[in-house]
Structure formats: C-alpha cells, structure tokens
Amino acid sequence: MTHQDLLSIVREYESPIYVYDASKMEAQYKRLSSAFSKVKKVKINYAVKALSNISVLKLLHSFGAGMDTVSIQEVKLALDAGVPAEKIIYTPNGVSLEEIEKAAQLGVQINIDNLSILEQFGTRHPKTPVCIRVNPHVMAGGNTNISVGHIDSKFGISIHQMPHIKRIVENTKMTINGIHMHTGSDILDIDVFLYASEILFEAAKNFKNLEFIDFGSGFKVPYKAGDIETNIEEFGEKLTERFNLFCKNYGKELTLAFEPGKFLVSEAGKFLVKVNVVKQTTSTVFAQVDSGFNHLIRPMLYGSQHEIENISNPNGKERFYSVVGYICETDTFANNRRISEIREGDILSFSNAGAYCFTMASNYNSRYRPAEVLWHKDKAHLIRKRETFEDLVKNQLIFDL
Ligand SMILES: Cc1ncc(COP(=O)(O)O)c(C=O)c1O
C-alpha cells in the first residue's frame, strides 16, 4: 500500500480508520508454513483475538489457517467466516462449564486449562476428546502483562500437577488428544521457546492418544526498520528436528500446531488519523489527532512504540513531536518523535496496527469505533462501517423519571 493508496482511503471513508494489507498477511502465513515444511502435519491456527473481523478470518482461512478462539463469541465468528468446526480450537481461561459445553456442542476442539473444569467436563462428556493447556513455568514474553507461562500466571495447569491430571483422566475415562502451552507474547529468544518445548514434550509422554502438540505463539515482530524479531526460520529448523524425533519415539505422526496472532496480522495493519491541532507548549509540540486510547490503547497499556509517519507531508523537514489524542485523559501515542513537519489536517499513519488494536477499541468518551478496510489485490474494501450515534444508544433503555 502506498501513501497515495492510504490517503485515498481516508478521502473515501474518512478518519480515523484501520487498513489491513491482505498480501502482508499472506506473506507472513507462507513464511511460517515454510519454516515448518519438513514437518508432515502442521496446523496454523490464527489467534482470532488479535483481529477478529470476519473478512480477515475468511482471508486467513483461504490461506489454510484454522482458528484459535478464546470465547464462544470468537467461535461463532470463526464459524460465520466459514471455518469448519474441526479447524477451530477453543482455549478459554476462567470461563464457565456451560460455555465450554456450548463450544463442544458446536464441534470445536476443546482445550482446558484448569483441573476443576477438566474433572467436570470429563465426567459429563467422557467421549469428547480434550486438549490440555499446561503451564510450563517459564518466564517468557515482552513484558509482565503478556508473560503467561510463569508460576504466578493464571493460565494453564501446572506441569507439577501432572499426577492429578492423570488421575482425572483415568477416573473419567476421557481422552486427551492434544497438549498445549502458550507462554507469552513478544518472545525474542528462540532458546526460551525450545526450552519450554522440551517441558511440553516431557508432559506429552504422559498421554497415549495424542493427535497434536500445540506450541502456542508469542513470536516477536519488528516495529520499525532494523528492529529485532523472532528468527522464525532458525526456530523452524530446530523445532522441526526435535518434533520429528519426538514423533518417532512416540510412534505416531502427530500434528504440530501454532496459534499466532501478531505474527500474521500486526505488520499488515495501518491506523490512519487526522491531525486536529498542533499545539506548541513550553515543553513540546503536541500533534493532537482525531483519536485516542479509545481506538488504539497499546501505547498506553503496554508502552508499545508504533512507528508514526506523516503520509500527507512525507518529505517535510523533520521535527520532534508528542503525538496525543483527543480523549479527556492522558492518551499519549508517542513522545518526542521525529516526524516530518506536521500541519493541522495532515494524515498520520501508525504502523503495526493489525494486532490487538481494533479488537481493543472502545467507545470511551462516547466516540465511535473506527471503520476498517481490507486492501486486497490493489483495491480497498470496506469491511466494517464506522459506528454512528445510533450504535451508541441502541442498547440503552431510557428510564422514565
Ligand atoms: C492462548 C493464546 N494463544 C495465542 C495468542 C497469540 O499470541 P501472539 O499474538 O503473540 O501471537 C495468545 C495471545 O494472547 C494467547 O493468549
């Protein structure tokens, strides 16, 4: 997508707006599949939570992706996108038994991450094969909010509870057909992945009827030119060797599964905003845009540093800006950033806006959530309309005083 393409999208559909480049998602999908081309059976389940627009799910499914879901609503979105139930895995955390049973009725692969539900589900549905999410007790991930495989994390069943898991499986006669872990996001060091994988292999030996081993996700993507990222190719080579050896010893060709979110969609996304006000203060120059953390919360929540380009004045003289939003609360997108000269009315483009951006958007300050566009084969397709005032009020019931 060129700057001109992006500007024409803003002219047609206005700002703020999310734009996703289909070809980038396809390239990432192919890159991950080819890193594991020497494993006979590989499943890439896209983590729907990263970006759950049905058109995006359809697109990723057309490349061959299955879906990784965490709520019954995500399961329904994936089914609506035409993904067959057997290509959907449901990995909830802390949800009710009723919700898990509903997902099982829809025919998706159930992944359970606590002993209480494992026992209840196994007792009631011994014939439904279940995957187990273990917690390998590994500290991995870009920051504490996204590190989920360590001992204090609420996710997964501790590997130290293996005797208890086995007792439940024996008592209920349920079948464990998969074993899973997800240790965190933005993991850079492939040795951490490989170390955690060894723990998963060890845990897998406890189950005789496995069909797949799911290594979760957490691949780090670059946020700017020259940025560090997970070396997928090297990781592919090393894990392939180890996985194939495990299957040989296990005596069965298992499926190797992953569930990437960021890796597939982060870099494909751009978030386009318009500069409302350029405000000079005694300490900085603020560029105030027609958005805020209601639309893109990652900088405030995770300290993520999205690249920001002034696409309507790309060759302007570079100056330093603090880019902030219009929310009545501190909503800083970037501090002290070198950006080509910003004028009121300019369009700024935020990079890495594909994953955990729109899906985390809200109506805070009673603003509308943005529109979304899919850029596919050099054409813009509107895949979500901007909200309207009716959307804000449609579920409100007016109490008659
Ligand atoms: C269980 C599970 N799988 C996969 C993912 C996707 O992770 P990422 O976006 O880092 O690839 C997440 C992210 O939170 C997750 O919780």
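The backbone N, Cα and C atoms fix where each Cβ goes, glycine too.
Among the features that TrEMBL reports, domain 'Orn/DAP/Arg decarboxylase 2 C-terminal' is placed at 18-354. Annotated domain 'Orn/DAP/Arg decarboxylase 2 N-terminal' per TrEMBL: 24-266, in sequence order. Sequence annotations record features per position, and here TrEMBL assigns N6-(pyridoxal phosphate)lysine to Lys49. According to TrEMBL, the feature pyridoxal 5'-phosphate binding site maps to Gly218, Tyr356. TrEMBL lists Arg298, Tyr302, Glu329, Tyr356 with the feature substrate binding site.
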- Message: Please give me the CB contact count at 10 A for Lys49 (N6-(pyridoxal phosphate)lysine), counting all chains in the structure.
- Response: 18
- Closest to Lys49 (N6-(pyridoxal phosphate)lysine): which of the binding-site residues Arg298, Tyr302, Glu329, Tyr356, going by Cα position? Tyr356
- Please go through the binding-site residues Gly218, Arg298, Tyr356 one by one and keep those whose C-beta falls under 6 A from any atom of ligand 1; give the result in sequence order. Gly218
- Message: Cβ atoms within 10 Å, counted per site: which of Gly218, Arg298, Tyr302 has the most, among these binding-site residues?
- Response: Gly218
- Helix, strand or coil: which one is Glu329 (substrate binding site) in, per DSSP? coil
- What's the CA-CA gap between Gly218 (pyridoxal 5'-phosphate binding site) and Glu329 (substrate binding site) in angstrom, rounded? 31
- Recorded substrate binding residues, Arg298, Tyr302, Glu329, Tyr356 - maximal Cα separation rounded to whole Å: 21
- C-beta crowding around Glu329 (substrate binding site), within 10 angstroms: 11
- Message: Let's check the environment of Tyr356 (pyridoxal 5'-phosphate binding site): how many other CB atoms sit within 10 Å of its CB?
- Response: 25
- Quick one: pull the CA-CA distance for Glu329 (substrate binding site) versus Tyr356 (pyridoxal 5'-phosphate binding site), whole Å only. 21
- Quick one: what's DSSP say for the residue listed as 'N6-(pyridoxal phosphate)lysine', helix, strand or coil? helix
- Cα of Arg298 (substrate binding site) to Cα of Tyr356 (pyridoxal 5'-phosphate binding site): how many Å, rounded? 8
